[in-house]
Structures are given as structure tokens and as C-alpha cells.
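Feature list (source: TrEMBL):
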DOMAIN    1-290  domain 'Glycoside hydrolase family 29 N-terminal'
DOMAIN    301-389  domain 'Alpha-L-fucosidase C-terminal'
SITE      C219  site 'May be important for catalysis'
Amino acid sequence: WYWQKEKRDPYVKFMEANYPPGFSYEDFGPLFTAEFFDPNQWADVLKASGAKYVVLTSKHHEGFTLWGSKYSWNWNAVDVGPKRDLVAELATSVRNRTDLHFGLYHSLFEWFNPLFLEDATNVFKTRKFPTSKSLPELYEIVTKYQPEIIWSDGNGNAPDTYWNSTGFLAWLYNDSPVRDTVVTNDRWGVGSICTHGGFYTCSDRYNPGHLLPHKWENCMTIDRRSWGYRRNAQLDDYLTIEDLVKELVETVSCGGNLLMNIGPTHDGRIAVIFEERLKQMGAWLKVNGEAIYGTKPWRAQNDTLTPDVWYTFSPKEGRVNAIFLNWPASRTLELGEPQAKPGETQVKLVGYKDLLKWVALGEKGIVIVLPQLTPKQLPCQWGWTLQLTGIN
């Protein structure tokens, strides 16, 4: 897109300097080799991250499918490059080795597909592209791989009527093999984003910081600058685990899910830095998962007195979880939101055995005394959870 459509100078120059004259985007096909792709190792890393679902990009805006689609002749991973059905391999490994829900991302439009460009020229009065390419692919991946999440993207500035999104979704929810389990997002044509769909995505890297009335997802990337793999990325370009824990906690407290993107390499590897971030997140969730999984938003999302304190509510246990991101030097944490009840309220630090001492701050608010711990004794290194029971 930057090289051939927008013709951005650095991209054009890079291609001229590093590739033979007349090299086309299609010539990258055979260079996508995936020789190190080990779906079992991927599944193990995904499981270790503490994630509950995974969404693989089955086809992005340039139309190359990661399965041997009969609607993408000679422009798919079975005919060109890896010569493997990457969707099938990952789906099998994820299902055999983990309890993650397997999902697929699919781009409705394709930047340079001549049929799409013809329809666009006709102001979408003709529908050659969706009927011969996009919709058949969607039916194909659902029937073949039975994904439990369909993550649609790339409306190409065309309305949902052009894509026949409602027709496809009616089939998906009523007649498809995943009709009882499938979940979809909100990118099904102009005007549908943040308005229709099982969960809203609203925009990339969406984090409103307040409660939304509908289930939503924050889809963001560990590499601040790219959704794909960048060979020239610097360490500073990657979010730290502290950044990611903060993103997760803010998102969940406001009723959202976090979709954390990683870009694999052309030879099929999850780069070591991504693997480390995923495993760090898994280590954090091993300790603090009760404050995340199966929770609902509380009446307050963040604290009014102390910054970087976010709340979730565990309905089964009737418990308020206060996740604080900075360990106070004074060892006392003031919370402005909880209304404590003398003789009833109990405060526990997750990963520490004894109950904590606390004092009520009048009608509303509580001061909690944290234990004196060495760095090695801390339950985890980034972000800690207080469990409050017997709170008004």
C-alpha cells in the first residue's frame, strides 16, 4: 500500500535499492517460506500467555489466503510459498493442545483486486467481487475450519448491502456448523463499526477508559508501530510488560477484552520478544487471573483518590478486586471508592497468605496497610490485586 498505492518515498527507494528491477508484490509469494513454522510450539506459547482465544489472520487486504482457497487460485499458502495449509495446522494444534477458542480474521476487501476496483468504480452498484471472492471465502473458512470467532475487517468504503453481511451473518448464526458458539465483531460495512456486532472494536487500539454499555474489544499491537513483523524494529518500539498489564487491567475494568497482536516472521517464527511478552502476561495472570477471568465491571472503574487503581467485580464470590499498578513507598494504599463495613470487610493481597489491616475513611474510602515484603516475596513484579469482601 505504501509502496505501490501511496508511493511513499522511503518504501519506493527501499524496493529500488534492495530488489531487482521490475520486482512485483507477487514476487514476494515464493519468499514467504514458513520453514520454521511449528504449530505445536505456537499453541504452547499461546496457552502459556493465559489467553482464552486466538485469532489468526486468514487473509489480509492483499488477498493472499493462508489456506488453499479455491477462490484464490495460485495466491494462497498451499499453492505458493510454504505449500502448507497454515490455517488447518494451527487450528489442529490449538484444539489438541489448549482450551483456547480458535478464531479467524478475514478481510472483506482487497486493495488491488481488479474485480473490487471495478465494483468501486461503479460506486458498488455491481457486486462481482463479493459474490465471486469474498463471500465464498467466508463460507469456505467457516465450513472447513469452524472458527468460534469471525473477526471481519476492511470494508473498502462499501456498505454492508454490497457485502451482503446480513445474509452471511444470518447463515452463520442460524445454519452454520458454529451457529451455537460463534462470536463476531462489528466490521461488516460502512456504518456498522461500533454500532452492530457481537462485540464492538470501534477503532484499532481502542481504549475508551470508561465503561461501555456493550461488550467491546481493545485490539492493539505489542509493536507500537506495526501489526506485522518489522526486521528493523528497535527495543523501544515494543510495549513493556508493565504497559501491557496496564492496558489489560484498564480494558477489563471497563467491560472489554484485550486482543494483543503479534507479527510472526516470514519463516514462521514468533519472535523471541513477542514470546517473552506473552509468557510474562501468562505469569501475571497465573497470580492475578481471578481479578480478570469471569469478572464484570464494578460500579466504579478506577479509583477517585489514587491513580492507576482499577476495579473489577467477581459476581460468583461477590468480591471487589482492586488492581493497583504502583506499590506505594509508604506501604499504605488509600482507596476512595470502596465503602467498608467494620467487622465484615476483609482485605486480601492475592498471593499473600494473611489478611491485611485496614481503616475506613468515613462514609466512603479505606486505607489499607500493605505487608512489608522483599522484592523476592512479592506475588508478582507488575501490578497487584487486592480482594475486598464484605464491601457495600
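Positions of Cβ are set from backbone N, Cα and C atoms, glycine also.
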Segment-level pLDDT (mean, integer) for the domain 'Alpha-L-fucosidase C-terminal' (301-389):
96
Take the domain 'Alpha-L-fucosidase C-terminal' (301-389) and count its residues per DSSP category (helix H/G/I, strand E/B, coil), listing them in that order.
3 helix, 36 strand, 50 coil
